[in-house]
């Protein structure tokens, strides 16, 4: 569970459209369902439209202000995680509940002896409704990110491995070993008893076919970011530039490489462990 919470989650700064949408939802719920005793307020001659518009305005301002603060915080973090996104969501709904509680106290002239009760009621209902909306939104967004932005969510260690040189051993009688930088390795494809190594030198894409097994290749490239993504393919996570697919499989695009590397369904959970 802790490992899942530490996965990278794309941070998308909120904008005025998000704030406007949430304030519109609040308006529709309050104006047409008339919950929380607003129906009694209207029956007693209160201006329901004006009060509901006030709640909508408070919602708009609260979200805009909160998003601005969170954006500054996210900019200081190297990785925005699922835990960060979840905590941010919880704090936002509590903040919104507090703002609306204060607005209610002012508008309805609630006595000081009821302040605590009103605040707790608003925090409770805002939190319950907000968590439901937050979970649904999170699941929808996260699944969309996995389909369209998985490459950007992968945790890479390219800089740490910049000076690492690896040797891939050719077991053929007259074969010669291949020495390349670990970051230069793109992927490898197995074909019967041979493995074709694809790597880059500068902007040039090169390949070489060698006599060895996948197990031997993985032994030579025994690093966390070297990932067997298919029965016949091994890929360098650090060089993934794009990924498209779902739980049934992915197609990986690599830097400066026109070919796509498949991730079979069996290996998808392992790929997600790099998030």
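A Cβ is built for glycine as well, from the same backbone N, Cα and C atoms used for every other residue.
Note that TrEMBL annotation is computational and uncurated.
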Completion exercise
Per TrEMBL, the transmembrane segment among 47-66, 67-86 spans residues 47-66
Problem - Segment assigned the feature transmembrane segment in TrEMBL (from 118-140, 141-163) - result: 118-140
Fill in the blank from the handout: Per the Cβ filter (under 8 Å) with a sequence gap of at least 6 from its ends, the transmembrane segment (47-66) is approached by 14, 16, 18-20, 22-24, 26-27, 30-31, 34, 38, 41, 91-92, 95-96, 99-100, 103, 107
Exercise for the section: Quick one: average pLDDT across the domain 'HTH LytTR-type' (186-275), no decimals. Expected result: 90
